[in-house]
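Below you'll find the structure, written out as structure tokens, and then a few comments.
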Amino acid sequence: MSVLALDVARDVAAPRRAEILETLRALADGADATTREIASDDDADALERASCDAYFARARDASEARRACARASEKLRAGGALGVVVDDERTATATTEAMVLAGFTTVTREDDGVVRCVKPNWARGTAFALKSRAVRVNATAADAADAWGASAAADDDELIDESALLTELDVNTAPVKYDDCDVGAGKKACKNCTCGRAEAEAAEEATTAASEETFVSACGNCALGDAFRCAGCPYLGQPAFKDQPGTKVELDLGDDL
């Protein structure tokens with residue numbers, strides 16, 4: 001046999017309470033059930049948890065709506081129905097929000113001023129396994145080798161021969177690498193140079209000397225020192241001179257007095 005709980009506010013006068021009870025019983029649609037009236041906290045405590053198939057209450061404001069939803073959530077069985085009779089729009093909105101926050105589902109508002117909902121068919125703390133991608137913590141060496149092999153096979157399709165990118169001009173003008181001479185901190189030609197570094201240094205010195213002899217200053221500040229020389233000046237790093245390179249400027253330290 002079904003158990004119906006009728007929640008009536010304890011501060012309602014007796015005639016009004018009887019009217020509310022008739023309204024709540026009418027919501028049960030005449031079902032053959034045992035009716036339990038809840039008019040106080042003691043009545044609510046006497047009712048066992050999850051023992052009701054339906055719970056009906058009347059709410060005059062938001063606080064009564066929240067109290068009714070809290071009691072119904074405790075006393076209703078899974079799948080049980082809750083119906084709350086409201087008087088105005090504000091209370092109806094508050095009741096709807098209270099039902100949702102209490103975890104009820106299928107919240108509907110009827111034209112007769114009753115807000116109905118259903119207690120979900122699961123219990124608190126119910127576990128549910130979610131499908132997720134399994135993480136392989138202990139992968140075998142064979143799996144790792146297969147992964148690297150697949151990666152290498154994919155890379156082979158996109159490899160380009162680097163030699164094919166060089167033109168004939170690039171090959172002919174490639175710099176000569178000298179491997180036989182390594183003296184001191186810097187590389188220079190050794191005494192018995194056989195790798196060609198000595199000849200390259202001699203040719204570079206001759207080229208530098210020839211450029212200095214034929215050099216014509218564009219700014220006219222080459223003799224003044226690095227502070228006045230341009231970025232491409234061949235005399236960068238050399239001391240200031242008078243007219244010809246190599247002629248150092250000497251300061252007269254004599255006493256004029």
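Cβ atoms are placed via backbone N, Cα and C, with glycine included.
Motif 'Cx2C motif 2' is the annotation Swiss-Prot gives to one range among 142-145, 150-153, 230-233, and that range is 230-233. For the motif 'Cx2C motif 1' (219-222), the residues of the chain that approach it from at least six positions outside its boundaries are 228-230, 233, 235, judged by C-beta separation under 8 angstroms. C233 ([4Fe-4S] cluster binding site) counts 17 other C-beta atoms within 10 Å of its own C-beta, drawing on all protein chains shown. Between C222 ([4Fe-4S] cluster binding site) and C190 ([2Fe-2S] cluster binding site), the C-alpha separation comes to 34 Å. According to DSSP, C222 ([4Fe-4S] cluster binding site) is assigned to a helical segment. When averaged over the region 'Fe-S binding site A' (181-195), pLDDT in the model lands at 66.
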